[in-house]
Structures are given as structure tokens and as C-alpha cells.
Amino acid sequence: MEEGRRGDREGKSAAGWTALSTTKTTLEEKRRLQANGSVGGDAGTSGFRRIVRLFFACMVAGGIQYGWALQLSLLSPYSQTLGISHSYVSLTWICGPIAGFVVQPIVGYYSDRCTMKMGRRRPFILVGCLIICISVMIIGFSADIGRHLGDTKEHCSTYTGPRWSAAMVYIVGFWFLDFANNTVQGPARAMMADLSAGHHGPNVGQSIFSLWMAIGSVLGYLSGANGKWHEWFPWLKTAACCDACANLKGAFFTAVLLIVVSMTVTMYLADEMPLDKQDVDTSGGGGCAVFVDLFKSLRNLPPAMFKVLAVTAVTWLSWFPFIQYNTDWMGREIYHGEPQGTAAKADVYDAGVREGAMGLLFCSVALGVTSFVIPKLCRRLTSKVVWSISNFLVFALMAVMVAVGMVSMRGYRPSLAAGLTGPDPTLKAVALVVFALIGIPQAVLFSVPWAVASEVTAEEGGGQGLAIGVLNIAIVVPQLVIALTAGPIDGAFNKGNTPAFGIGGAFAFICGVLALIWLPKTRGVSNAAVVAGGH
């Protein structure tokens, strides 16, 4: 749900679970020998050429993140145009945490043991990217497919009712997209760790991975904010797919293009060393052994770790409403649009969604800048103080969003033509500032919890895999809770997104207090930890 949800999103996918499974020492020696030459093993290659090749070998991370940014910014609003009620949009996102919890560990287990000639990671990256391309095309053409499956034949410019066949096609594509994203993310990050060992070190590899994710996020949100796709490519519009839908198609077409190009570059430059069959660790009990080992390890966790898990869970309870409803809030509460209203109201809503995508771009920039100063802040203030401050900031920003939404909707009547003149400029500016500022605590969300968990488990003799594995449980469970309850709560109050944001703000305040009281004093945040939290 991401960065997360960017990305939301590595936080919920637990890319580091591959550390729970091991290979023999001979494999590690081969990997170091490979890295001591170059990415492809050429010992004569200059250091500059090695780092450039390593940089482009990770290009697939940018392509995947581009598509993920589109998913975060556009798909909740788009699903409502197909007839999925605002109260049940959250249920379409329930696959994300499930996929992150189940798919990534299993893919990590088998990618550690893959003996194909093309390497351990690239087969999974290839298959995952192909499924992503198919999934986004299913989503983009869901309205057209639904029309052929029995939805209304009335033109989309006049029809305002539900299109259930299209909605079902959309959900299938959405869920496949979530599973495919998790298939690619773990092996791609693990491959960077493999290729950067030796000359460069894991921090360099993970920093490159993070940079590509940032590039993908910025380009993805720019694409989502663009409302000209239907003008540049008029053939995207059909009787079932009007301007907003055509813009979604255009954005996803570019996603397919970028994913194919970035995947091709990665497949060519990431010259992995094949794993010999005799080097495969066969002592485990298959992919399910990952879960068995994880839950067994819970019994041996240090007491401080349970407090870290509790604070992490409450933190994610506060974040998921924003991750899910950000652009919808801009389209509804600020722009006064309706996804299933008249053509004019739908256009206003679409304009608000695109403005929200621009706000998420500002959020990504703030996140990237903040990530560089987090290690220094943690060393100066301790990690728990930084974590606590970030939660109080989320509380303040959620409160502002609730207040701005209520002021914007005060006296508003959907039947009034004044609602079509656009949002209040001051309120729109405040909303964009909130979107930008929320990138600051989001940088903490994607780094500090992982660093604290790693330090606590390391003090007790645990490893990174243990830390990330158990922390993933504390991330998945609250996401499931919010996904199951946020929409129905909004529907019960009939207040749009305001109740979810209010609840999120309350959890953020509680978590700010708990972080100060419960968390141990730690100060270290490595570069790898900064990008481990995901998107």
C-alpha cells in the first residue's frame, strides 16, 4: 500500500525475508569473486564502468515503481467510476498486504535456490514483469472488456450507473498486479545485493535501488497528473471509455513501455552467476518452511522487540487511510467532484485526482530529501524521538486534512452549479502543502522502524531476516484491519474520507506517545535501512 503505499509498499512486502534462507559458503565465495571483477565478472573493467553498469542493471526498479505510483494515485478513484462504492474501495486493496506476506517469502525462498542458467533472480523478475504488463492492460481496458461481457451499451458520457462486469475485470487485474509487484520487488532487491557485494558493498546497491524507485515515483506521478493522454492519442477513447478512462489507458501504456525497456536493460546488464545444483541448500522444508521458521522465532524475541512491533502496528494504522484515499480526497472534498456523477462532475473529480497525483509527486520529493538527514537526526536525537516526532507530525497533518475537508464541504450542495467552478484556491494550496509535508514522516516510516528492529534483534543475536520478517507481521495485520473497516466506517458516517483520516490522526497521536514511552534508545540508521521500508 507502497513508496509503498510507495511503495507502501516495501514495508508490506518484506523484501529482506530472503535472509531467512541460506546457501552454502561456496556460493558466497563465487559471488564475491564475481563482484571483485565487475557486474559481469570482468576484472579489467574500470571502477566507473562497474558502477555505471551496476546502476543500469537496477533499472527495472524504476519501471516497476512507475507503475506502482500510477496504482497508488489513480486506481482507487478509477474503481469508483466502475460502480464500486466508496465504502468498499478499501476491500480491493486487501490483496496487497496478503500478497506481501505470502508471495515475497516464497519467491525469496525459491529464488535463493534457482539453478537456471540465466541466474537466480532474473527468471522471477522476467515472469513478474510480464504479469505486470498483462495486469495493467487488463485494468486499462476493463471498461471495454466489461462492455463486451454484458455491461451497458450506453455511451460513457451519459451513463452514470455501475458497470459490474468491468468492475470484476478490474479487480482481477488489480489483484494480479499486486501479486506480480511482490514477485519482482524481492528478487530485484536481492539481485542488487548480490551484484554490489565486493567492490561496492550492499549500501551502494540499495542506494541505487532507492534512487531508481525515486525516479520511477516522480515520473509515475507526473504521468498520473497528466490529463492530455486522450488528446494526444484519441484512439484511446471508446464508447465505454471516456476522457478519464482514456488518460488511465495512456498512463498504463507508458508503464508497459517503461517496464519492458527497463526489464530488458536489467536482463542484459545484470550478468548473474548461475547457481550450481550442489550449492543448493536442500535442508529446508520448502517455501512453507519460511513461515514455520518465522513463527517459531516469535517465541525467542527479546521483550523490547514486542514493543517495537506494537508501535509499528499502530503507526501503520495511522498511515493506511492516507495511502488509500489521498487522491480521492482531493477529488471529492477539495474539488467537489463525483466519480459517478454527471459528465461535468466526473470531469471535476478527475481534475482533483490529477491534482492529487501532483501532490504525491511533491510528497516523493520531500521523502527523498528527508531520507538523507534521518541518520543524522537519529544519531543526535535517538531513533525513538525521531519516530515519535514523525507520528505527531502525521497527527497534525491528518487534523489539517480533516479541517480543510470540512471547511471545503461546508455549505456545499452537489446540485449547485457553483461546485463546477473549481476548488477554493486557498484550500487547494493548503492541500498541496499537506501532501508535500507528509513526505517527511513517510521517510521515517520507511526507515526508522526497520533500523530499530534490526538493532534490537542484533543485540540479542538475531539477524536481519528475523527483524524484517517479524516486523512484516506488524505491518500486514493493521493494513488488513484498515482495509476491512475504513470503507464501512466512512459509509456509516456518510462523510467521504473524513472519518478515516480522523481515525488515522488519532492513531498517530497514540503512537507518538507510545514511541516515547516504549521504544528502546537506538541511534543507528544505515543507508540500507533507509530504503528497506519500501514505498
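Glycine is no exception: its Cβ is also placed from the backbone N, Cα and C atoms.
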Same membrane side for C242 and N497 per Swiss-Prot: yes
The transmembrane segment (54-74) touching the transmembrane segment (250-270) per 3+ Cβ pairs under 8 Å rule: yes
Segment-segment contact (the transmembrane segment (466-486); the transmembrane segment (355-375)) at 3 or more Cβ pairs under 8 Å: no
Criterion met for the transmembrane segment (164-184) and the transmembrane segment (123-143) (at least three Cβ pairs under 8 Å): yes
Stretch contact, the transmembrane segment (123-143) with the transmembrane segment (54-74), Cβ-Cβ under 8 Å, 3+ pairs: yes
The transmembrane segment (385-405) and the transmembrane segment (499-519) contact flag, 3+ Cβ pairs under 8 angstroms: yes
